[in-house]
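The next block holds one structure in the form of structure tokens; read it before the comments.
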Amino acid sequence: MAGAAGPFLPGSAFWSRDFSDEDQSVAYVPGISTEGNTRSRVKLINPKVDVKVKASRVTDASVSMESLKGAGDSVAEQNFCKRGMKSASLKDLCLEDKRRIANLIKELARVSEEKEVTEERLKTEQESFEKKIRQLEEQNELIIKEREALQLQYRECQELLSLYQKYLSEQQEKLTLSLSELGAARAQEQQITKKKNTPQCSLMDLDGSFLSVARPQNYGQTKARPKSANQVSESFTELRNNSLRPITLHHPKEDLERMSTKTRTCTYESLGRRLINAAPIEKSLPVELKIKEYPNLPPTPSSQYCGHKCSESGAYVHENYHPTNMAPQCCKTHPESCSHCRIPWASQMHDRVILQPRETDIEKQLSEDRRQQLMLQKMELEIEKERLQHLLAQQETKLLLKQQQLHQSRLDYNWLRTQAMFKSRELVADKEFPKPDLDMNGSVSGPSLWKPKCDGWMRGTSTSFKKCPDSPNSGQNQREKKTVEFQSRVENGIQWTCQQNDICRPQRETVTGVRKDASTSPMSTRSPKEPLTPASLSSQHKTSRYETSLLDLVQSLSPNSAPKSQPHPSRAAGTWSTLRPTPQKSIWKKVGTRRSPEDLEENQILEDIFFI
């Protein structure tokens, strides 16, 4: 190493080569070439010589730096620093220092990259903030403009409101003026009506020229008839001849401006019948006819002037036509003033326009009357509705009763039909009575053996019938009668078996087989001496309709047995008490020699039900 460092200058950097460089491991550092990047970890042979060389180098470097500082040249100083740094060998650094340097270089590169990224990000954020600031400024300007527009609209609305208030005040003033004028006009009209309502003789003496009749006389002074009976009859003949001509009412010239003339057409069926009016106002033509026929009568208060309908004056000419007493009726039915409003007819004829408000009041009264009539009709309808609802409830109850009766009649009919079927089966059973049976001991059962049993059975049944209370159901009584009749039939059958003893003697050899069958038979061991109870009778009635199906089930379940096998006589008596119409062979097929215990149990249950 000392030989290698000889030819180089003391301030220059150099790489030393040892013989052991090839044996050392190579450490890779990024950014640095691999040449001369190895360092021996073995101690040097002459360490003192190396230290001396290093000391000489340091002294030479210090001398050169002092000379440069004395010159004061900054550029030369920097170059010298660089040379000094170059003269420092990386070989002197350990692996940890090299790694630290590499990490620092990496960190510097990473920091520079981050710096660029942050600068770019800051630029973008600055641009976005500037855009947002511009947008906010624009929005602020828009808000200011809108505020100014709203202020202008508010001012315009205030101006319009002030104008509208002025207009309303003017209209209110006009209304108050018009109301005051109307009030003054009404007060004047009321004063005029009060003045005209006062009785005046000049107004009472009316000129009837505008009605095409003569001048009327004073109604209160002259009570005599205005015309004779002949004149009245002539006027009615004219009406009869000219019944379809239009009758016109002539108004004075003063009233032509206020009210137009009205033409009404009427037809008359006869003089004694009422008038059929085709005009919208009822009972107006008889008043006009009275004016023509009786000029001294005051005008009636019908729909012409007052508006109050008088029932007596409406049909006066036709219904109350009597020539002798015409004047008194006129005196009674036509007073000088209206009975409702007490206003003279003269003032009403001259001032019809003034009385129009009164006519409206009268119409209101009429509407109230109609309303009351409608309310009465409504109440009557409600009462009728309640009555109809009551009748409907009664009819529903009757219908329910009838339905119950019909149901009961159907039940009775079904019961009678079952009884009739039962009777027909009894007749079939009587015709197909079974043959005599053999006793279990091998001897033919005689009357001495059967009669006591049957007598006891009959006594038991009779006592049971006596113990049963009398029920209102007629079917139970019929069943009792049937059982009594069947007892007599059983006695006859027993006598018949006693007479046939000689015929059945050759069959004693089959008794042993019968004993075996009887020992394994599922028949019930109930004795015939047991009395019948009311519960048994009711159960017999309930199970009567199911007996045929039970027999079929028993026959289908029981296996085929010997046809010559005979049952026990007590069992035969039990079958007679059940009143079955089937023959003997079909019943006694149930006794078999080859049966399973389950079949025996099922047959026993079914036979118990059957014998009950």
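Quick reminder: no glycine exception, Cβ is built from N, Cα and C everywhere.
As the structure is a computational prediction, the values presented were derived from the model and not from experiment.
Residues 362-406 are the range that Swiss-Prot records as coiled coil, among 272-316, 362-406, 407-451. Checking the candidates Ser20, Ser539, Ser544, Ser561 against Swiss-Prot, the annotation phosphoserine falls on Ser20.
Record note: of Ser521, Ser558, Swiss-Prot gives the feature phosphoserine to Ser558, with no matching annotation on the rest. For the coiled coil (362-406), the predicted model reports an average pLDDT of 91. Under the DSSP three-state reduction, Ser178 (phosphoserine) is assigned to helix.
In this chain, no residue six or more apart from Ser178 (phosphoserine) has a CB-CB distance below 8 Å.
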